[in-house]
Amino acid sequence: MHFGPHLLLAALEGLVTSAVLALTALGLSLVFGVMRVVNVAHGEFFMLGAVLAWAISTAISGHPAIGFLAALVLAPLIVGAIALVAERLVLRRLNYNPEATIVATIGMLYIIQQLALTFYGPEARPVEPPFSYRILLPWFGYSGYKLSVIATSALLLVATWLVLTRTKIGLVMRATQYDSETAQAFGIPVDRVYGGVFALGAMLAAIAAVLIVPISQAHYLMGQDPLLLSFIVVIIGGLGSLRGTVVAAVLIGLSDGIISVFFSPTLAKIIATFLVAMVLVFRPHGLFGTASR
Amino acid sequence: MTEASPAKPYALHLGVIALLFALSFVLPDYHHGLLARIMVLAVFAMGYNMLFGYVGLLSLGHAMFFSAGLYGAGLTVYHLGWNVPAAFAAGLACGALLALVIGLLALRTTGVAFMIVTMMFAQVFYLVILYFASWTGGDQGLVVQQAARVLVLGSASLDLTNPTVRYMSALALFSIVLLITLAIVRSRYGRVLVAIRENEERTKMLGYDTFSNKLIAVVVSGTICAASGAAYALLFGYVGSSFASVQYSILPLLWVLLGGAATTLGPLIGTLFMYYVIDITSGFTSAYLLIVGIALILLVLFFPKGILGSIRQRWLGWLP
Amino acid sequence: MTDKNGFFDLSKSTLSRRTALKGLAAGAGLAVAPGFVRYSQAQSSAPVKIGFQSHRTGIGAAYGRWYEKTTAAAVKAINDAGGINGRPVEVVIEDDGTDPARGAEVVGKFATQHKTDIVFGTLFSHVVIGSAPAAGEAKIPYFVVSEGHHVASTKLNRYVFQPGITDVKSQIQSMAPWIAANAGKKVTQIFPDFAFGYDHRDYLPPALKAQGADVIAQIAIPPTESSFTKYFPQIPAETEVIYHVMVGPAVLTFVKELGEFYGSNRPQLFGFMDSLEATDINSPGLEFLDGSHFWEGSPRYAQPDDSAAQKAYRAAVGIDDNGAAVGDPKDVSTASHMFGCWETLYVVKKAMEDAGYKGPEDRAKLVEATEALTEFAEGPEHPQGPKTFNGKIHQCFGIQNISKVEGGKLKVVHKTKIEDGLYEPEGDYTTQAL
Amino acid sequence: MMPLLTTKGLSRSFGGLRAVDGVDFALMPGEIRAVIGPNGAGKTTFVSLVSGRIQPSSGMIVFDGADITNLPAYARVRLGVAYTFQITSVFANLSAYDNVALPVQRTLTDGRSKGAVRTGVMAALERTGLAARAHMPAGQLSYGHQRLLEVAMGLALKPRLLILDEPTQGLADSEIDNFIQLVREIAKSATVLLIEHNMPVIMQLADRITVFNAGKILAEGTPKAIRENAEVQQAYLGTTP
């Protein structure tokens, strides 16, 4: 294939990765930014979203789009509820102590993974896409669903941005993020905000997972890579910066796609990872983070 | 850490070493073998604790130091036919050098950025191992043949594959590192490390070059972890990339937090605890990870400072 | 199958020492009156204990479950027929977490805690390689069903055997004649960028060359990859056959994306079943595979010409004509590999009987008896087909199947000969000390 | 006599704000110098520049005849420039003993003092009256004691120049009297640069006073002269009730 189309393909693929990554990382960023909790179980919420999407879409017969839409609504709600319970039962009692929450979320990771293995099984299972339209370009074919993932993700990101910047909920969250003690003093129910943020973070991961299962499959160990990548995105983007998170996700997704055009794949991963690490070394607060605080 | 009588802590640590020595003669074979492994990995945890517990730097990349030792020792035996002491030294050197380079870069960052940067460097290291599969055996790894794992001391030769020799070698390494750790922690340098953890800015204003001090701590920590990796390669004969994966960066953190960060014996307790929880529960049910997960959560709810950390807080304030 | 023995029973250590003394006494007795001792031992009904190292968790869990089912079925069959040397067989299972470090610990646990006679099991190469030193040091025979080339490479040790499944080097080599003759001469390989893929990378080109065909491109995919489309442009346009072998949960994605990329106008496809083990061939997105060919160890779908032994084997393990669990059509088996568990256990039985195996003190004899085996005839004990065994490299060689995807099923269109897969031995385990 | 410390054209801006603006300053050995000025006048920024906690935008700092403008903070401390924090920042989780041991062992390592760590620590704790509380975690000391501990840490550094940033803030009157005694004693062996709001304390302690306003030195002189300076009264004394 010629260079131009090859690059186009790599860029499209990179954008799909970016789209899903941005949503997942945004969830992590909220939890990380507002609660200062390093949620190691974030990838498992992602996995749970995918597994539930499979369960819901196979339970509903009829056109695949019905099952998929049901999954897109229900799976995040269920995951959010589970996250809320986990937050109430465990994280709150730990007073959100940074070290203790790491151990606790590692514990959650094991529990969720094991439950998925026991009840869902070790197999990778596919979910049918809501529609399967193959876009025919002069050089290659491309999945129409993948393009719709990019669009959906962009819409959701804009919606989240509006919620965070234009609504009272967003204001309350930002106030809590900025200084939880002062927020408390101003009558903001910090405790409930934390619960909500944790659930919301998990839900974003679950939505991302539902979007991705028609492309890749649900598998009980699928949570690790999104977790690691999300961490990287959140830090590169700068803590608590929504714009930074999205830019970093696009940057990492695209670089992952495009560098693979030029180098042997594993070498490409080595180079990409190293470069991103070096960015962080020389911009320790990320691309959009501020030095203070 | 006040300069109280040093007798009690030293007595305790020597007692623990003596106990481990005595256990060698009474433990059933299986637990004998398992404990040898646990002691080697506890050294890994102690190395991690040096940086995380005492300096307060949370790294998610220590698997690279462990595997630097693992591959440094394993590959020199496998490809170059080096003898055991030389291979062990090569492992240490690899770990120390890597730690120096990583320290110089990563210490430009702090907090979560430090955590992510170390994680990414470790990921690079992991991928490099896979990339050079013709040398490293890639994901399958390599077996260090039994014949190569003999320690020749003058006219005597110790077969490291013999369970007793292996246990005693593991114990020797563990004891040396434990006593070194104790000595560092109780030294002036140890006091500076804790000061950096508590308030780096203030420590600078007391005349300390905190960057150099942290760099030394990274190198010491990395070297100890490499010692553990090198010992693992030589004592257990397998070198593989799974030891460089992120899982092996999380494990020492977990062991240390369980046992008690910034306690000298915590890493051993944490490693021991985690190993036996898995060993026992995997016998009852195939869903043992569920129990492990619940155990972790309960532990952190009721012993937030780790097992030994909580004991120190509640009863034994003098524990180092 | 029991899972578990006592956990921390200090009395065991004294017990073990007593047993050791008894063993010594028995050894002395053996020298004086061998016939008598043998007789009394043979009468013993203490079970032969087999430690089963299983991928219950981790990336190999889908295989682990079916390996356990097959093993249970084989053990039941063996026990129903009188056991081994008149003793029942008992299997003790430990989870290796699909992790080499844990794998080695589990081997140690079998040898010293459960005190099993042998260790048996696992699939993933890194677990086998990680566990091999522990088996060699404990001097406990370790029978693996991994299909990796690691055993035959003679880089492990004398206690490791693979007598139930052909190694991947031989599999690849025996595929080449058919590919060159039926699929095409210009082959592009797509394989995972780790050891399992390297076997394909290294062994296929020379084998094809010998058949007058060429590998024109090799595309290695990093192990962490979950999306593949961006690699497809590297497939040269003149490619006649895409030879693909992917493993892990991302395989379905691979096939789907290949389908989206090519549409109906695609080159020939030839793949290894490893890609789709435990996965329904009729999953959404896999329609693209229709008409393509696969290597299969043992066919997943029942074939019209199945032998009685094959039918009996399928019934015993509990898989239906579509290779799924009886009663649960969604629970698809790992048919291409798991037969190896069945066959390996029968090899163990044969070798133990040849050796007059009585207990752990006879492990060395068991090793030698296994090495002395040369051939396994097709039959109830070897339902996949006949095999030869090379005692020097501890590896068996059998026939392979090439199947075509047709109407949502896999139909065997070609069976290779054993000779197709033979190669020069790379070493000799029998020169190692026991 | 040569000044112990001089700054020439010392400036530092944050964004558009010139917090310290071309300050020329000289401090003679053995002096007790007070720096006063309204909030935001640049006092703390100025001493932070001197101690090396922040870097100047331009200008030069000379300590004991040597240019220290580019030295990092820790190196200045080793030369004898000690700084005690405005906001108490003792190591709360360490014992009072360990808090003081840190500076003591520093001077031992640098060869600026001799003997055992213990001797040095106890001497500093005695001088500040904290010896009996040596083994209490610093965080559990009363606020006044924490301020004293802060001073003890400064003392233990054996400074030639001790910078005290609002040391009496939050102290009770009785504690302030003790404190004045302490500073007088310190001044026998070190030069003292004091940022202070409490005018009675300044009048009792300071040999000379430097008045900052809007990042610049407004006036400098003896307490008496400053008190009578009309400009100062307007800019500073006049505006604070």
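Cβ coordinates are placed from backbone N, Cα and C, and glycine is handled just like the others.
Annotation source TrEMBL lists transmembrane segment at B:12-28 (among others).
Here TrEMBL flags B:34-56 (among others) as transmembrane segment.
Sequence-distant contacts of the transmembrane segment (B:87-107) (same chain, six or more residues past either end, CB-CB distance under 8 Å): 59, 61, 64-65, 68-74, 76-77, 114, 117-118, 121, 125, 211, 214-215, 218-219, 221-223, 225-227, 229-231, 233-234. Feature annotation from TrEMBL assigns transmembrane segment to B:87-107 (among others).
For B:114-133 (among others), the entry in TrEMBL reads transmembrane segment. Nonlocal intrachain contacts for the transmembrane segment (B:114-133), taken as residues 6+ away from its ends with a CB within less than 8 angstroms of a stretch CB, comprise 57-64, 67-68, 71, 98, 102, 105-107, 139, 241, 244-246, 249.
Taken from TrEMBL, the feature transmembrane segment applies to B:167-185 (among others).
According to TrEMBL, the transmembrane segment annotation covers B:215-238 (among others). Tertiary neighbourhood of the transmembrane segment (B:215-238): same-chain residues 36-37, 40-41, 43-44, 46-48, 50-51, 54-55, 57, 62, 65-74, 77, 84, 87-88, 90-92, 94-96, 98-100, 102-104, 106-107, 141-146, 149, 160-161, 166, 169-170, 173, 177, 180-181, 184, 189, 193, 252, selected by CB-CB distance under 8 Å and a gap of 6+ residues from either end.
Same-chain residues lying 6 or more positions outside the transmembrane segment (B:250-276) and placing a CB less than 8 Å from one of its CB atoms are 9, 12-13, 16, 34, 37-39, 41-42, 44-49, 52-54, 58, 60, 62, 66, 174, 178, 181-182, 185, 194, 197, 225, 292, 296, 299-300, 305-312, 319-320. Per TrEMBL, transmembrane segment is recorded for B:250-276 (among others).
Cβ atoms under 8 Å from those of the transmembrane segment (B:288-311) belong to residues 254, 256-263, 265-266, 269-270, 273-274, 277-278, 281-282, 319 of the same chain, restricted to positions at least 6 beyond its ends. According to TrEMBL, the transmembrane segment annotation covers B:288-311 (among others).
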